[in-house]
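Notes follow the structure.
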Amino acid sequence: MKTQRDGPSLGRWSLVLLLLGLTMPLAITAQVLSYQEAVLRAVDGLNQRSLDANLYRLLNLDPRPTLDGDPDTPKPVSFTVKETVCPRTIQRSPEECDFKKDGLVKRCVGTVILNQARDSFDISCDKDERKVARLGGFLQKAREKIARGFKKIGQKINDFLGKLAPRTEA
């Protein structure tokens, strides 16, 4: 009676297992995302969680910090997204959408994991304070201009009333 060890199938299986073992590290390496790819996935996740009417698209990605080699370690990220013209309800990539004129800009910070199998991110976004600061400066200038106008009006009223006052002659 012939056993499997005696036949050529054991040699074939050994060869298959050896080749499979050699290709596994390549498959694991292929699952690591680049820094920008991880951020784009985070933007997609933000769009899915968003209650806003339109999609957001990556506007600016801050320079990549020095990263360690472990794709499972959370990496710090900071970037800016801007509202697009595409409604959130359509199935379209934000990269295919134009930015909305005067669209909302959000500043986002957090962490991403580069291991594609884990696909994890922890990002929070706030309205871009730089736009708000510019608006605050505009409002401050407008307030000062209005105050100067009221002061001039007050002075003219005072001058007018001064002319109406009865003059007493001595």
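For all residues, glycine too, the Cβ spot is worked out from N, Cα and C.
A disulfide bond in Swiss-Prot ties Cys108 to one cysteine from Cys86, Cys125, and that cysteine is Cys125.
Looking at the stretches 111-123, 137-149, 150-162, the one that Swiss-Prot records under the feature region 'Active core' is 150-162. Under DSSP, the residues of the region 'Active core' (150-162) split into helix, strand and coil as follows: 13 helix, 0 strand, 0 coil.
In sequence order, Leu55, Arg57, Thr84, Val85, Cys86 constitute the residues six or more apart from Cys97 (disulfide bond) in its chain with CB-CB distances below 8 Å. Neighbour count (other Cβ atoms within 10 Å of the Cβ, all protein chains): 19 for Cys125 (disulfide bond).
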